[in-house]
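To start, the structure itself, in structure tokens.
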């Protein structure tokens, strides 16, 4: 039986996680691992924070804190974000642990012992102004390969080519902005040329790798592999484990020790589980039964497919007591491309990004997981668009998937008292339904196994589409009046489809999957197979599975989150889709009266003079001549007293009621946004005032034949009502 060691790239503990990170290395891995677990495979899924190197020291320098304070804070922040996004790591560790120091130093010493390291004196970037050697990331300049400006001295973010500070054109200090000099400094280098041929043969034999990964790696090897430094002039990191004055006070380069974190985190995890020695079967070639799979973004391809395998080769055989084995080289490295935002690359410095922890404050995790999977940059860069996000959630999740599940559960409760009925004789469409169930399981599994997550999700949604079409064709609302056996068969088959959807959705939308399991009242463990719900099984009442995303939701998210990081980014997003007046209205409504000043401050930061001109215009309007309403216009309103005789939840909106109001000579149906302020019992039999001659209007699909009158001070809503009982239909004058 194959076992799997699955990793996601170690995120730097110097900032939060954005949607590009999630779509690149974490969500794909989680989908894959959840599928393996449903299949009953043996799998360990780990990641952890990368807590050394210049990104951490640079952040600490900017914030006036110690590196330890930075990594402790962001380790917890990132870990919590992944938990909220339902990324199901078996263990999320960190590299600032003794076990990681020990194993990393062991790798260094073994490579030195095997003559794969060389000590050299080389020119290192130095800032005369700040009186310090500069790590590569502290140096910026123009990339010599593509001409992109303001690129760091370790890698070009535009073309992806690794760099050294000496290669940069016009290099300067990223702290003070002054030109840099270069001074002699002794460091240890790994002789990458020792592994060139072996790496080339190994990569060429990986026929199952993604073309973008394989081609990138072979291109690098063809260019020639050179010696690369694996120690740095830094005071934060893992000390070089040698009694050598030349490297005293220096540390292991983070790009050397970070991937070793996959091993140290696994060791720490299994030690905590009481299985201290089991790490060997996941990282050593003991029986050929383990597949090591690294999920990464494309910027990490060279480090995982060239340098990391070279480090494993440089170590040689692992020997301990009765164990002697080679390290396992990666079985697969399914790297994803980049995610953009509204047609432009993510930029954390300009806050042109979707920060995951903020997005999850505004929308359910399943919504983010669904959309990122639907647009996953598997073979080319893809684009996050708020308009597309809204469309996909509303049309695909709500109208397709959620609608089908709700229909099936509603009918079994309405016509069979919540009990799964016996099937009668199957017709051709019934038989096709069972074929579709089996095909969906088989084909979705095959797509996930080959990392085609976007297609796999589409295949799941095709089963939901089939379910709706099946339901429409069989017309159970019609057969319920004339053929109960036919209705029972339709409902039974529909519920079988719902159950399989609950299984198929587990890798993609774990919360929705769990809710379907709850609504079906199932206690069995989910497995990647079709096991029927038996007739006679009782299910729960239908509940709304997904709520629609509104323009108001998106406006509030941009104003409340993106604008705080960079008002200019927020303005660009808002101007693309919305009128300024609409944004102001939504912001003031969502922030409420108590936070009005806060809302206005944010809006002013977004719109500047545009908002000030509008405010002056409104102030002049308010402070000048009062705009009177003519008596004749007022008399056009038909205000009448009524009594609420029925209150129901709106099926398509969680803040609205559908109420019936008795006006004496007729009963009107109204839609009212009172759920936050009144319970159903509070409203029932209450006298109210309505506008009776307001033109009917559909609100979320339900017609409202008038309007209830209420006072609203921004915090509370109070219905208007006569102070004593009067005849129903009495007119307000």
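Every residue, even glycine, has its Cβ placed from backbone N, Cα and C.
For 11-21, the entry in Swiss-Prot reads motif ''HIGH' region'. Counting same-chain residues at least six beyond the ends of the motif ''HIGH' region' (11-21), those with a Cβ under 8 angstroms from any Cβ of the stretch are 47, 49-51, 53, 55-56, 58-59, 70-71, 74-75, 77-78, 81-82, 94, 297, 338-339, 341, 346, 348, 353-357, 359, 368, 372, 384.
Summarising the annotation, Swiss-Prot assigns Zn(2+) binding site to 143, 146, 156, 159. Under the DSSP three-state reduction, residue 159 (Zn(2+) binding site) is assigned to coil, being neither helix nor strand.
Model confidence over the motif ''KMSKS' region' (345-349) is summarised by a mean pLDDT of 87. Annotated motif ''KMSKS' region' per Swiss-Prot: 345-349, in sequence order.
Feature annotation from Swiss-Prot assigns ATP binding site to 348. Cβ neighbours of residue 348 (ATP binding site) (same chain, under 8 Å, six or more residues apart in sequence): 15, 18.
Annotation source Swiss-Prot lists domain 'tRNA-binding' at 633-733, citing sequence analysis.
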Counting across all protein chains shown, how many other Cβ atoms sit within 10 Å of the Cβ of residue 159 (Zn(2+) binding site)?
13
Taking 146, 156 as the binding-site residues to compare, which has the smallest set of other Cβ atoms within 10 Å?
146
Which residues, same chain and not among 143, 146, 156, 159, have a CB within 8 angstroms of the centroid of the CB atoms at the recorded Zn(2+) site?
144, 145, 147, 148, 151, 157, 158, 160, 161, 163
For residue 348 (ATP binding site), just give me the three-state DSSP call.
coil
Count the Cβ atoms, other than its own, that fall within 10 Å of the Cβ of residue 143 (Zn(2+) binding site), considering every protein chain shown.
21
